[in-house]
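K.L.:
Before I ask anything, here is the structure I am working with.
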Amino acid sequence: MLSLNSFLAMSSPLRIATLTTISALIFAHPSTQQTFTTCNPTTQAGCPPDTALGTSMTANFASGPSNQFTASGNPTYNSNGAAFTVTRPGDAPTIQSNWYIMFGKVSVVMKAAPGTGIVSSSVLQSDDLDEIDWEWIGGANDQVQSNYFGKGQTTTYDRAAVIAATNTQGQWHTYTIDWTENQIVWQIDGTTVRVLSANDANGQYPQTPCKLKIGSWAGGNPANPPGTISWAGGVTDFSAGPFTMYVQSVAVTDYSTGKQYIYGDMSGTWSSIESNGGRVNGNSGAATGTDTAAPAITSSASGNVVPFEGTHADCSTCATPNAGGWTVSTVTSASATYTTYPGLPSGWTVNGSGKVVPPSAASGIDVPVRLACLLAGGLAMGLLLGFRL
């Protein structure tokens, strides 16, 4: 245990670093623990390399299962393609790719599952919990949600966008994610419906090798937390089922080449990723380039939507527009904006530029003094949690 005398004996830079670490531990946001990965290369050494797709692939599920994917939860196959059927509580049929892509284009031809509380998902997710999502709520046949996360962080809840779509459950649509180091483009039937620039992601831009996960599950399972049920649109009546999501085909192009993707350090930045036997962005000629045709996003989701891992079952305060209790607000872009930070003192806010703003009564305090106050608060909490004289 660190004594106060030892702390005071430290050099000034070391004391500041120690206080910063203490404050980070005290104010750590618990929702990052809602996600799971078997080995996170940004926090653990010795994680195995990621098997690379390194090229393009297609799968026609109307012809049966593909050896490109591993199934769980017993999806079935027929003339419509892969059928992901939820019949009872706990059902979560899923397929997961046997490879990763390091930037690329993913197109899924599918029909979403109907049913109050039933969720259909097509998700790109990395070992360090970067994530790019398409999600459909069974009680809302006229919309699809797009979302993204960086390193599994759910520190802001304004990143989801609700996009109008026609008869998602009765008509085949092609849903595409086109992902480069500069931007993510979401498209429906070839029409761009959302663009996220890396510069607009407030440090949360997905940029590490991702697997593709497709499946359905009952967010409305009565055993789930109330927030998850609300986000999914309400409690699922399983007697009205079964509820089936169909995926006719998948087409994927990896914008990098090689056999394996390796995290060169623990930064989680795309420039740190190394390719064994190829090159990151080695297939960049397949990329479509910058897309400037995206319309302004006209609605965003104000609510807590947690990352995909764990089938969102840990969500505590979630809802969905027109299917639950989300508030839909008009915005002019897909940019993420921080409104608060975990552990921010009472009365302090975050402005549109992401900067911390003190209460009006303290508005005359300059930045160094404000920083000293925050560090002093961290020291005080540290004393309460274990410093001794």
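Any Cβ shown, glycine's included, is placed from N, Cα and C.
Sharing the features that TrEMBL gives for it:
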DOMAIN    5-255  domain 'GH16'
DISULFID  Cys39-Cys47  disulfide bond
ACT_SITE  Glu131  active site, nucleophile
ACT_SITE  Glu135  active site, proton donor
K.L.:
For Cys39 (disulfide bond), write down the residues of its own chain that are at least 6 apart in sequence and whose Cβ falls under 8 Å from its Cβ; none is a fine answer.
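P.N.:
Listed in sequence order: Gly46, Cys47, Pro48, Asp127.
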K.L.:
Within 10 Å of the Cβ of Glu135 (active site, proton donor), how many other Cβ atoms can you find? Include all protein chains, please.
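P.N.:
Counting Cβ neighbours of Glu135 (active site, proton donor) within 10 Å gives 22.
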K.L.:
Averaged over the whole of the domain 'GH16' (5-255), what is the pLDDT?
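P.N.:
A mean pLDDT of 86 is what the model gives the domain 'GH16' (5-255).
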K.L.:
Relative to the Cβ position of Cys47 (disulfide bond), how many further Cβ atoms are located within 10 Å?
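P.N.:
The answer is 18.
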